[in-house]
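Quick look at what TrEMBL annotates:
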TRANSMEM  21-48  transmembrane segment
DOMAIN    23-241  domain 'MacB-like periplasmic core'
TRANSMEM  279-303  transmembrane segment
DOMAIN    285-403  domain 'ABC3 transporter permease C-terminal'
TRANSMEM  326-353  transmembrane segment
TRANSMEM  375-396  transmembrane segment
TRANSMEM  426-446  transmembrane segment
DOMAIN    461-602  domain 'MacB-like periplasmic core'
TRANSMEM  675-699  transmembrane segment
DOMAIN    683-794  domain 'ABC3 transporter permease C-terminal'
TRANSMEM  731-752  transmembrane segment
TRANSMEM  764-787  transmembrane segment
Amino acid sequence: MKPWIMEYKYALLSLKRAPEFLITTVLTLALTLGAVLITSSIGSTFLVNDLPYPHANQLKLLQQDITIEGSSDVRFQSVQGQVKWYKEQHVFEKHALIHTGYEIGTSLKGEPRLNVSYVTPDYFSMFNVPIIEGRGFNTAEDIDQKAKALLISEDIWKTHFASRADVIGQSIQLSEQQYRIIGVVGHDYLEPYLFGGKDSDLWLPFDAGDQMSAQWEKTFAQLKSVGRPKPGVTDRQITTELENIIESIRDQWSSAEIEEINPHISLFRDAEVDNNDKLSLLLVFGAVSLLLIAVVNLSNLFFSRALANRKKLVIKAILGARQKNLFLALFSEISIICFGAWLISLILALLGLDGFISLATGYIPLVEAIRLEPVVVLSTFFLSLLLSLLFSFITLRRINYHNLKEYIQGSGKGTSIQVSSSSIKLLVGAQVFLATGLLLISSMVFNKALMHKTRDVGADISDVYNVHIATTNKSLNSEEIMSIQAQVIDEVRRINGVTMVASGLGPIGTRFRAYSLADMDNNSFGYLRSSWIGEDYLELFGINLIKGRYFSEAAYRGEAKEILVTQSAASLIDPDADVIGKSYQGLNSDVYEIIGITNDVFDAKLKYYNYAKGVRIWWPQVPEDIILKVKMRDDVTLNRLELLETIKRVNSSLILWEYNDLEKLQMESVYQQTILVYLSSGVALVTLLLASIGIFGVLNYNSNLRRFEFGIRVSLGAKRRQLYALVRKESMLPVTLGIVVSSIVVFLLLLIFKHSLTEWLSINLGYCAIVIAFSALISMTACLLPMRGILRNDPIKALRDM
C-alpha cells in the first residue's frame, strides 16, 4: 500500500477518536466557505456577469433631463419626447419603449388586476423574451398602428385558459377594449427589474396605454427607453442626434413651461444593477473577514491538535521520518477536514442561495439570475487545497522538527513546545480586531435597515385598505362621478367590519406623484410629493392638522384653489415665516392658497422617502376616479370579491382598479430592508461564533502549555481568583488594542467612503457602544474559560510529569 494511502487511513482513524475536534473544525470551515460561496455568487451576478440578454453590455438607457422652473430631473420622462426620439433616431439598430401599468381583465373570472407592459416590437428580441406559443410584436403592432393584440404570460395561460393549445386567436377584454392573443411568454423570462420590479401578466402595444395621450408637462417615472447602438456609434453621436431631434420641436415643449430637455445616456446594466453592486461588495467584504477569522482559528486548532499528538510524531521521528513525512501526516488529516468542509459548504451554499432567492425575488434586481457559479465552486476547491497546504506548513513550522529531538532526548519530561507570549497576544488581538470591525459594520447595516423598516410613516395605516374604482363609461361628467362615489361610499360602509370610509390618494402607495410649486415670482420649489384627499381623510389616518383649517366645499367643487402642506413642506417653502394665507403657483399655473399645515407623512419605499423626506402637498380630490380608503375592525378583512359585488350593485360600469392592504404594502415596501436586517444579524452571529472559537482555541492551547506554571503557583499558595486575575491582566492588553484599533480603522474607512456607503450604513453610537462592550465581554469570557478547565482538573497534578 502506498505511503500516502496509509497516512489517509491513519488520519481517518485518528479523527474518529476526536469527534469534538472534527465537528468544530469542519463546521467552522464549512460555515466560512459557505458564506464565501454565497456572497461570491451574489457578487459575481452584480459585479461581473453580463445581464441575461443579447449584447447586454451594449444596451443604453435613454433618459430626458427635463428642466422645469429651474429644477432638473432625469427620473420622470415625457412620452411625447421619447416617442419623437423613437420615430426619428437613426443611431440604434434596436430601440424599445417600455411603459408599465395595470389593466383590469373584465372578461376573466374575478376581474383580476393585471400587471401590463406596453412595449414596442424590438422589446422581444432585445430582452430575449421566451415565446412558447405564437409570436411577439412586429411592425403591425408598432406605434400609431392601433393594433388590438397582446401576449399573455404562461401563468395567465394556465390559470384562465387551462393551457389550451388553441389560445392563439382568443380574446381578452380589458376594461371595455377587446384584444386578440397572439403569443404566450414562458415563465422562465427574467424581466428587467428596472421596468417596475413586477412580473408582467400581459404585453400590449405601446400605443395601447393611456400615457400616449399625455401632454408634455405630464411625465412618468415608469417610462423607459432602451437602445442598442449601431456598430461604431458613440455616446457623443447618440447625444448629438437626440439633441437635434428634440430641438427641432422646441416650440412644442417650451410652451408647456419646460425650459430644457437634454438627452442623458447611460449603460442599461448600471441602471438595472442600481446600487446593489455596493451591497455585494459589503457582503464579499464580510465573507472575506469571516475567512480571515476562520484561518486564524483553524491554524491554532490544528496546532493544538498536533501538540496533542506529538508523541505520535516523536515515534515517527525515532523511526526515521523526515520533515516531508511529518508534513504528509499533518496534510492527510488537515486535508480530510478541509475537503470535507468544502463538500458541506456546497450544500450550505445551495440551501443559502435558494433561501436568498426566495426571500429577495421581486425586491432586488437580477436575484433570479443568481446561481452557484462553477468558477466560484472551483475557486473554493483550490482555496481548500491551499488552506490544507497552508495549515500543514504553519503547523509543522510551529512544532519545529528540532524540538521533537529535544522531546526525545528529554524522554518527554520537563520539555514542552510553546509559542511566545507576544505571539499569543498577537493572535488574540488579531481575532478581536477582525471580529470587532465586522460586528461594527454589521451593526451599521442593521441600524440603517432597521431605521427605515420601523420608521413611523406619520399616519395610522393599520387595518386600512386602498380601493381605487374606475369606470368603463367615459361619458360620465364630474357631477355624475361625485354622485356615484357617494353611493359607493354608502354601500361600502354597510360591509361587515367597515368602521370608516374616506376618499383620497396615499399616504403610501406603489406610485409616486410629484408636482411643481412656485412662488408668485416664478421661483420654483421643485417637484413636491403630492396627494389628493377628500373629506374625513385626515381623521381616518390620524394625521394631525397642526395649524389652519381643512378644505372648503368650494375647493372640492374646483371653485376655490386651496392646498394643505406638511411641516417639512412649509419649512421648505418659507423657513422664516408662516405660509398660511400665502398664495403660490400650482397645477396648470393656477394660484393656490395654503390654508393649513399637517404633521409630516413619509413614504415607506426607500427611494420615495429619500426624495420627499416628509415634504408633501395635499390637494383637494377632484372627481375623476373614485379612490377610497376603507378602515376595518382589527379582526376583519376586506374581501375583494365582496367589494367587487358591492360596487357592481351601484353601477355595472364600475371596475375595481386597485385593491391593497396598506399594512402589507408597507411591509413589501421595506422588504429589502428586512432582508438586510436578516443578513447583518446572520453575519454578526457567525462572527461572534467564529471569534469566540478562535480566542478560546488560542488561549486553551496556551493555558494547557502553562499548566505546569499554574501547578507551581497553586502549590505556592495562589488562589483561584489570583490565577483568574493573572489571565485577565494578560488578556486585557490584546483585547483592548484589538477593539480600539478596529474601531479607529472602521470609522476612518467610513469617513473616506462616506458618500458611497451612506445608502447602506448608518452610524448609531448607541449600537456601536453595545457592539464594543459585547465584543469585549465575549473576548474576555473566551479568554477566561480555558482557565476554568485547568482549575477543574487540579493543576498540581501536572507537576507529576516534571
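Backbone N, Cα and C atoms are what each Cβ position is placed from, and that goes for glycine too.
Just so you know, TrEMBL annotations never went through curation; they're auto-generated.
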Does the structure show the transmembrane segment (675-699) and the transmembrane segment (375-396) touching, where I'm treating 3 or more Cβ pairs under 8 angstroms (sequence separation 6 or more) as a contact?
no
DSSP-wise, what's the residue breakdown of the domain 'MacB-like periplasmic core' (461-602) into helix, strand and coil?
35 helix, 50 strand, 57 coil
Could you tell me whether the transmembrane segment (426-446) and the transmembrane segment (375-396) are in contact, taking contact to mean 3+ Cβ pairs under 8 Å with a sequence separation of 6 or more?
no
Below 8 angstroms Cβ to Cβ, which residues of this chain, lying six or more residues outside the transmembrane segment (279-303), approach it?
21, 24-25, 28-29, 31-33, 35-36, 38-40, 42-43, 45-47, 330, 334, 387, 390-391, 394-395, 398-399, 427, 430-431, 434-435, 437-438, 441-442, 445, 676, 679, 683, 686-687, 690-691, 693-694, 697-698, 701, 757, 760
Are there residues at least 6 beyond the ends of the transmembrane segment (426-446) whose Cβ is under 8 Å from a Cβ of it, and what are they?
282, 285-286, 289-290, 292-293, 296-297, 300, 676-677, 679-681, 683-684, 687-688, 690-691, 694-695, 698-699, 731, 734-735, 737-739, 741-743, 745-746, 750, 760-764, 767-768, 770-772, 774-775, 779, 783
Would you kindly list the residues that approach the transmembrane segment (764-787) from elsewhere in its chain, counting only those six or more residues past its ends and only Cβ-Cβ distances under 8 Å?
428, 431-432, 435-436, 439-440, 443-444, 446-447, 688, 691-692, 695-696, 699-700, 702-704, 723-724, 727-728, 731-732, 735-736, 738-739, 743
Can you check how the pLDDT averages out over the domain 'ABC3 transporter permease C-terminal' (683-794)?
75
